[in-house]
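Presented below is the structure to which this report refers.
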Amino acid sequence: MAEACEPTRPSEDEDEEREPLLPRVAWAQPRRVAPGSAVRMQADEGADVLREPATDEPPAVSGEGSISASLSTELDRTRTTSSETNTFLEDPEFADIVLKAEQAIEIGVFPERISQGSSGSYFVKDSKRNIIGVFKPKSEEPYGQLNPKWTKYVHKVCCPCCFGRGCLLPNQGYLSEAGAYLVDVKLNLGIVPKTKVVWLVSETFNYSAIDRAKSRGKKYALEKVPKVGRKFHRIGLPPKVGSFQLFVKDYKEAEYWLRRFEAEPLPENIRKQFQSQFEKLVILDYIIRNTDRGNDNWLVKYDEMKYAKKIESEESNWIDNKQLLIKIAAIDNGLAFPFKHPDEWRAYPFHWAWLPQAKVPFSEETRNLILPYISDMNFVQDLCEDLYELFKTDKGFDRAAFENQMSVMRGQILNLTQALRDGKSPMQLAQMPCVIVECSKSGSQGRVVHLGSSFTQTVHCRKPFFSSW
């Protein structure tokens with residue numbers, strides 16, 4: 001259905017799907033030499049250029065020098081722009097994983113579409129067909145033009161007044177996924193699997209009929225009329241930008257374990273570990289204002305058989321993450337970072353607020369971990385700047401909309417700070433009035449926020465039609 005709608009697709013999406021393709025084999029060696037952070041990935045034309053060493057030019061195709069006319073015509077035709085290069089200078093381990101995924105695609109081990117969910121997301125595999133990550137292309141997000149699932153299309157046709165989430169920027173889910181991981185790292189929470197922005201191309205992705213026809217036509221021209229085919233800038237399908245999250249093994253949906261824990265209560269030390277992990281999930285969701293956190297999209301890892309003897313015989317130090325016997329993984333963070341609080345049809349509540357764990361006040365350990373960060377305005381400013389560096393890589397980046405997103409996030413941080421100081425519980429935190437903290441710059445016009453900036457606090461009084469509280 002998405003292919004049929006392609007001719008009327010917005011021009012911005014059309015441009016995005018028609019960028020040059022990555023060199024397929026020869027890029028492997030340069031990547032190992034200079035892998036870098038996805039947050040520092042170079043911006044597209046028209047966006048601010050990120051200041052990153054050794055990434056101002058497209059990477060060399062071979063280890064001996066840059067691309068030249070003497071190289072093969074195949075490399076010339078697949079030469080890429082720097083905006084589509086998967087470089088991760090600060091994380092060689094992640095770079096190797098992405099490289100394995102690309103090499104697997106080269107030999108025909110394609111990403112597999114995930115049947116669950118309302119968007120086009122894919123299990124990415126290595127050459128041994130082991131799942132190593134989850135890729136969510138921007139163009140196949142829930143409200144994207146190339147979403148292969150019918151759920152949102154039916155929603156749009158049958159109930160257009162409620163279609164979409166009016167508080168979220170459209171087609172920014174991949175940045176939200178990467179932004180959630182950034183917040184997780186900054187706060188030292190350790191519950192979001194590593195997630196960064198990458199470019200991938202695969203036949204199993206959902207492309208428009210036009211893109212597939214052009215790809216077939218170019219291949220046919222190259223085969224029948226090589227002189228003409230060699231003039232094409234790219235042979236093959238265009239790469240897609242999206243979020244790449246490392247796959248976590250041996251985890252199950254929280255819904256399964258929550259039911260088990262009701263019937264079979266946890267030992268006290270394990271219960272404390274779970275409570276600590278749960279509080280970190282609450283903090284993450286609240287700061288980024290996750291609008292899609294149900295008990296089916298966060299995971300729990302707990303092998304009671306494996307750890308039974310250890311649980312009974314030891315009083316484990318549950319603060320030490322290395323000895324954690326139960327862990328939480330916060331996945332599906334693509335519907336977060338709203339530019340305003342939900343105030344239209346639905347409230348998008350935090351479903352964890354109704355769990356028994358949400359009635360327990362935040363522990364002293366959690367307060368000691370989080371308060372030093374979020375009560376420091378320098379830390380909050382630094383967090384906003386890091387998110388700015390990430391979000392501005394999108395072609396449709398809008399500075400005013402980003403400032404609104406940060407105003408909501410600062411308001412969430414303000415509420416969280418007060419709740420931790422007052423010893424409130426997660427449920428009480430979720431019931432606090434919504435606040436917006438806007439920044440009005442004075443003097444110099446910097447990137448995001450300055451120490452000399454003044455802030456205006458506003459209570460958001462408008463309630464959605466279907467309110468949860």
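Cβ from N, Cα, C; glycine included.
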Per Swiss-Prot, Lys136, Gln245, Leu246, Phe247, Val248, Arg259, Arg260, Asp332 bind ATP; matching candidate in Ser121, Ser276: Ser121
149-162, 401-414, 429-442 - the range that Swiss-Prot marks as region 'Important for interaction with membranes': 149-162
Maximum Cα-Cα separation (Å), residues Ser121, Lys136, Gln245, Leu246, Phe247, Val248, Arg259, Arg260, Asp332 listed as binding ATP: 31
Fewest other Cβ within 10 angstroms of its own Cβ, chosen from the binding-site residues Ser121, Gln245, Phe247: Phe247
